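Let me begin by presenting the structure, written as structure tokens, before commenting on it.
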Amino acid sequence: MKRSRDVEIEEKVEFDSLLQNKQLLQGLKQSGYEQPSPVQLKAIPMGRLGVDMIAQAKSGTGKTVVFGVITLEAINLAVTQPQAMVIAPTREIAIQIRDVVRNLGQFMPSLQCHAFIGGISMQTDVQHANHSHIIVGTPGRLMALLECKKLSTTHIKLVVLDEADKLMSETFYPQIDYIFSKMKSTVFQVVAFSATFTEELLKLVSKFLKDPQTVCLTDGVPTLDGVQQYYINTSISNDESSLQRYKHKFQAVEKILGQVPFYQGMIFVNSLPRSMELSRWLNEMGWKSGHIHAGITQDKRLSVMEDLRDFKLRLLVCSDLIARGIDVDRVNLVINLDLPWDVETYLHRVGRTGRYGTSGIAINLIGGAEDEEFLQKLRDEGIHIDKLPDKVSHNEYVKQLTESDQAQLSQHESQKIESKPLILNHKQDKSSSSSSSNNNSMQKKKPKKKHPKPQKPAPRYTDVVYQEDNSQFQPSFAWEPPRPLHPEPKASTPAPAQQTNAFIPPDLFF
């Protein structure tokens with residue numbers, strides 16, 4: 001299969017010209033890596049020298065393999081203590097990195113690589129912490145292990161910052177700073193990887209690196225060459241309600257799925273309740289779908305991702321929690337039902353397809369003035385997006401499926417049924433009666449004047465939630481109560497004393 005120029009190199013180079021570790025070379029071959037991509041060709045030799053490094057390349061060009069190889073080359077299997085630490089911003093990315101490292105090192109005897117993430121038993125993590133050669137984790141859980149002195153950093157000689165732009169955000173920076181402050185080794189290598197490196201990001205990350213070498217492989221076009229990008233106008237008028245916009249976008253999704261051939265797809269939705277409605281509706285029509293957002297348990301998130309990788313699911317409806325780093329090679333369709341808030345997140349979303357030189361298609365649903373403004377913003381950044389044609393040639397982004405995958409695809413296709421009626425929960429007025437909600441009535445009922453019920457403010461989520469939808473969703477995780485509707489005067493409610501060295505809850509949402 002021909003690969004795009006994002007991962008194709010002109011010269012005939014094999015991995016054995018970059019490495020001498022026969023077990024690692026065997027692991028690369030067994031994992032399907034025959035020739036290095038450009039970022040692998042340039043970054044692996046530099047990383048093996050032990051210098052600090054900043055590597056910038058597009059999503060899906062093989063950065064995980066780079067630091068996977070560097071990490072496996074750096075450790076001594078005879079030392080049963082943590083020697084390398086890989087820090088990732090989300091649990092799903094951490095699990096994926098662990099799996100990649102294990103696959104690459106499958107012929108290295110006694111290799112121990114474990115993931116340390118929130119939502120999993122702390123006791124289990126403590127048992128693995130000091131018997132792993134390679135630690136892969138999210139900032140909060142790593143910080144928690146260090147805080148309770150259950151993770152030794154004495155032998156750590158390599159730290160990897162994956163998705164460094166996210167790790168340097170306000171959410172994670174204090175935790176990263178704390179982790180580095182607990183490093184007992186005086187000399188260790190730090191490598192940082194990201195699809196984007198702004199001047200501000202370079203200033204932040206420079207605190208943790210010493211005279212870093214830079215590998216930059218971008219051609220001015222921020223998206224992968226193999227990803228075709230289109231848009232569809234879904235709005236009928238400029239004064240549509242939010243409910244009408246979603247109804248038209250849901251119907252557009254149904255049309256796309258019937259019009260555009262694909263293997264597996266990911267649909268990004270900003271509203272938690274709408275994502276649940278969409279997943280349920282798609283399943284009713286025979287499109288085997290799952291959904292992931294910050295409001296479901298970690299076990300459920302891992303189960304859904306496993307089903308997606310095993311091809312038990314055809315579609316994944318998700319939030320930006322899955323926009324970064326997740327690699328499922330059968331995914332060749334991405335739909336942005338809701339557009340993200342910034343260009344960077346958009347690039348990560350569409351980067352879920354067209355991975356490692358393959359091809360894919362991304363379709364954006366434009367449902368109002370804000371969407372149109374964002375579409376123009378993307379074009380101003382040099383991103384080419386055309387209107388979706390009536391017919392899309394599958395040959396332009398087809399890939400060879402295995403025999404078992406082809407059989408699974410045929411089974412998915414046979415389960416599709418005719419369209420089901422689309423019923424969305426209408427905007428919940430604060431004083432709507434329960435009967436109108438139960439009957440899915442499109443008319444708002446006026447509140448009774450005699451006994452008005454006080455309304456609790458909706459909880460705050462890490463995923464973006466439209467205000468109209470908050471009353472529809474009850475989270476399964478702990479949430480921080482918002483301010484009361486009618487606070488008491490300041491004099492009667494003194495602020496609690498400020499705690500010093502306050503501990504940040506580990507990975508509550510990430």
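Yeah, the Cβs are placed from backbone N, Cα and C, and that goes for glycine too.
Sequence-distant contacts of the compositional bias 'Polar residues' (403-412), counting only residues of its own chain at least 6 positions beyond either end whose CB sits under 8 Å from a CB of the stretch, comprise 263, 288, 311, 314, 330. Summarising the annotation, TrEMBL assigns compositional bias 'Polar residues' to 403-412.
Feature annotation from TrEMBL assigns compositional bias 'Low complexity' to 431-442.
Annotated compositional bias 'Basic residues' per TrEMBL: 443-454, in sequence order.
The domain 'DEAD-box RNA helicase Q' annotation in TrEMBL covers 13-41. For the domain 'DEAD-box RNA helicase Q' (13-41), the list of distant contacts is 6-7, 48, 55, 57, 61-63, 65-66, 69, 72-73, 100, 103-108, 215, 217, 356-357: same-chain residues at least six beyond its ends, Cβ to Cβ under 8 Å.
Residues or ranges marked as domain 'Helicase ATP-binding' by TrEMBL: 44-215.
Annotated domain 'Helicase C-terminal' per TrEMBL: 252-405, in sequence order.
Positions annotated as region 'Disordered' by TrEMBL: 403-510.
Residues annotated as motif 'Q motif' in TrEMBL: 13-41.
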Tally of DSSP helical, extended and coil residues in the domain 'DEAD-box RNA helicase Q' (13-41): 16 helix, 0 strand, 13 coil
